[in-house]
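K.L.:
Sending over a structure as structure tokens; questions will come in a sec.
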Amino acid sequence: MTFATVIIIKNSFPDRQKNSTSHGADNSDGLPKPAMTASRPPRDGVLLDGIGYESPGEDFFSAATPPLAHEPVQRPVPASAAVPRPAILQRSARAVSYDRYPPSRSPPPQLPFTQSSPASLNDLVAEPGPLGRVGLRDRIACYEWTFFTMTMATGGIANVLHSIPSNAAWIHGVGVFFLLLNLVLFTTNCIMITIRFRLRPGSFIRSFTDQKESLFVPAFVVSLAVIFVNTCQYGIPQERGWLLQVMRVMFWLYIPLCVVASAGIYLILWSTLVFPLHTMTPIWIFPAYPLLLTAPFAGQLIRSANSIGQEHVLNTTAIALCAVTTQGTGCFLAILISAAFIYRLMTQKLPHDMQRPGIFISIGPYAFTAAGIVSLGGQANAIIPNGFLGVSNAADIMKVISVLVGLWFWGFSMWFFLVSVGSLWKYFRNGKHIPFNMTWWSFVFPNTALVTATQAMGEIFDSQGIRIFGSVMAAALVFVWACIFATMIRCFKNRKLLWPKTAKNTL
């Protein structure tokens with residue numbers, strides 16, 4: 001190294017030289033400290049005492065490179081002298097490493113690397129191929145238990161129309177239409193899901209252990225309960241006698257069915273699946289829903305028997321007490337799960353877009369309980385015999401208690417209704433959309449219970465204002481049902497519903 005080169009390199013690092021000098025002057029014992037202990041990190045990766053290797057900082061890359069005395073001249077290398085690339089670098093990106101396979105096992109054949117353009121990809125996607133065609137069998141194979149939420153909502157609309165305090169014939173006619181439509185949809189669902197289980201052997205058992213679908217298995221049982229309630233409302237007053245006997249038998253068959261369905265589904269879920277708390281939604285309450293229809297079923301059954309003067313056919317006391325027992329069981333299960341849901345909201349915020357409709361399910365347990373308890377309490381004189389439990393005026397006491405309990409749960413369901421509607425505010429404000437799925441029917445079915453509970457409160461207090469409020473809610477709910485049904489038909493037509501997920505991305 002010449003003397004001129006040393007001078008140039010020395011002048012290129014004035015800051016480092018100054019920093020080293022200043023640290024040496026500040027030392028108390030008069031000995032200069034090494035430059036490595038400066039506050040600024042070293043410019044190149046070195047091993048620091050007690051720290052280990054340290055990555056270069058941004059100042060290292062941004063610093064100017066000191067000029068060299070003699071820049072090397074880049075000369076082109078002739079093709080004859082070019083060094084060939086190592087064999088390991090000439091392998092394709094899709095090549096398979098043979099090191100992972102033992103000598104006794106032959107490796108899979110290498111896939112040729114093909115370079116595609118957008119045009120060729122479009123041609124490839126447009127060509128369906130032998131496995132790319134989606135037929136009617138494939139679409140039916142996508143049927144799930146979630147489709148029974150549609151029948152729950154449709155039957156709930158018939159229940160809402162029956163609760164409107166009006167004698168207009170057209171309202172009754174619309175209610176009968178929804179009842180018949182619900183029977184058609186329920187039959188269609190049963191046929192389609194049966195065909196799905198036949199087309200896909202083993203899918204019936206797997207549906208009980210699926211992370212998503214298993215929670216909606218009780219929707220079948222709830223749909224049965226809704227049909228029974230509608231039959232008591234619209235059928236028994238028209239077909240006197242035999243239909244009341246049929247519904248009485250159906251009630252006593254439904255009680256063990258709902259208990260077994262609820263406890264069985266929860267036991268299967270707790271034994272086979274794990275649901276993280278951050279994914280929790282009120283859909284976890286869904287297996288308890290079969291229990292929550294017993295009090296409304298009993299109330300409508302006793303009311304219809306009284307309307308035709310055949311209340312002596314029923315053991316009203318046994319029916320009411322059994323219904324209150326199962327209804328209370330389902331309601332307290334919902335309270336326990338709702339506590340976990342509120343904890344999830346406090347720690348994880350609101351659910352994602354696809355899970356947002358499920359928040360409305362939290363309305364149903366308390367609204368159904370309020371409607372059922374108030375309905376039974378309003379008929380306490382026909383249910384509770386004289387001298388029940390040794391109390392002469394037991395019917396009046398039961399009526400007062402049922403109204404108070406109904407008020408508590410009605411207010412609780414109203415609170416959850418406000419929370420559920422508020423969770424959709426961002427979609428109204430920003431114009432965002434929630435992708436359609438069958439859980440959209442949660443916008444309807446739980447709110448049908450809220451409307452019937454509101455009408456029950458208006459009847460028990462003889463309040464015209466509450467009745468008008470409930471009628472307005474009923475009209476809005478019918479409109480929401482129509483919008484969701486139209487959206488479902490459009491999604492089915494546009495291959496967004498009942499379409500294989502793999503084919504959805506390729507066709």
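Glycine is treated like the rest: Cβ placed from N, Cα and C.
Copied straight from TrEMBL:
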- 74-84: compositional bias 'Low complexity' (COMPBIAS)
- 14-50: region 'Disordered' (REGION)
- 62-84: region 'Disordered' (REGION)
- 98-119: region 'Disordered' (REGION)
- 145-164: transmembrane segment (TRANSMEM)
- 170-195: transmembrane segment (TRANSMEM)
- 215-236: transmembrane segment (TRANSMEM)
- 251-269: transmembrane segment (TRANSMEM)
- 281-298: transmembrane segment (TRANSMEM)
- 318-346: transmembrane segment (TRANSMEM)
- 358-380: transmembrane segment (TRANSMEM)
- 400-425: transmembrane segment (TRANSMEM)
- 437-456: transmembrane segment (TRANSMEM)
- 468-489: transmembrane segment (TRANSMEM)
K.L.:
For the transmembrane segment (215-236), I need the partner stretch with the highest count of C-beta pairs below 8 angstroms, choosing only from 145-164, 251-269, 281-298, 437-456, 468-489.
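P.N.:
Result: 145-164.
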K.L.:
Name the range, of those listed as 170-195, 281-298, 318-346, 400-425, 468-489, that has the largest tally of Cβ pairs under 8 Å with the transmembrane segment (437-456).
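P.N.:
Of the candidates 170-195, 281-298, 318-346, 400-425, 468-489, 468-489 scores highest.
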K.L.:
In the same chain, who gets a Cβ under 8 Å from the transmembrane segment (468-489) while lying at least 6 residues past its ends?
P.N.:
150, 153-154, 157, 160-161, 163-166, 436, 438, 440-441, 443-444, 447-448, 450-451, 454-455, 458, 497
K.L.:
Are there residues at least six beyond either end of the transmembrane segment (318-346) with Cβ under 8 Å to its Cβ atoms? List them, or say none.
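P.N.:
Contacts of the transmembrane segment (318-346) (Cβ under 8 Å, skipping residues fewer than 6 from its ends): 251, 255, 258-259, 262, 277-278, 280-282, 284-285, 288-292, 294-295, 297-299, 301-302, 362, 365-366, 368-369, 372-373, 376, 383, 409, 416.
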K.L.:
For the transmembrane segment (358-380), what are the same-chain contacts with Cβ under 8 Å, counting residues 6+ beyond its ends?
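P.N.:
Contacts with the transmembrane segment (358-380): 281-283, 285-286, 288-289, 292-296, 298-300, 302-303, 306, 316, 320, 323-324, 327-328, 330-331, 334-335, 338, 341, 350-351, 395-396, 398-399, 401-403, 405-410, 412-413, 416-417, 419-420, 423, 439, 442-443, 445-447, 449-450, 452-453, 456-457, 459-460.
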K.L.:
Can you work out which residues elsewhere in the same chain, 6+ from the ends of the transmembrane segment (170-195), have a Cβ less than 8 Å from its Cβ atoms?
P.N.:
140, 143-145, 147-148, 150-151, 154-155, 157-158, 161-162, 164, 223, 226-227, 230-231, 233-234
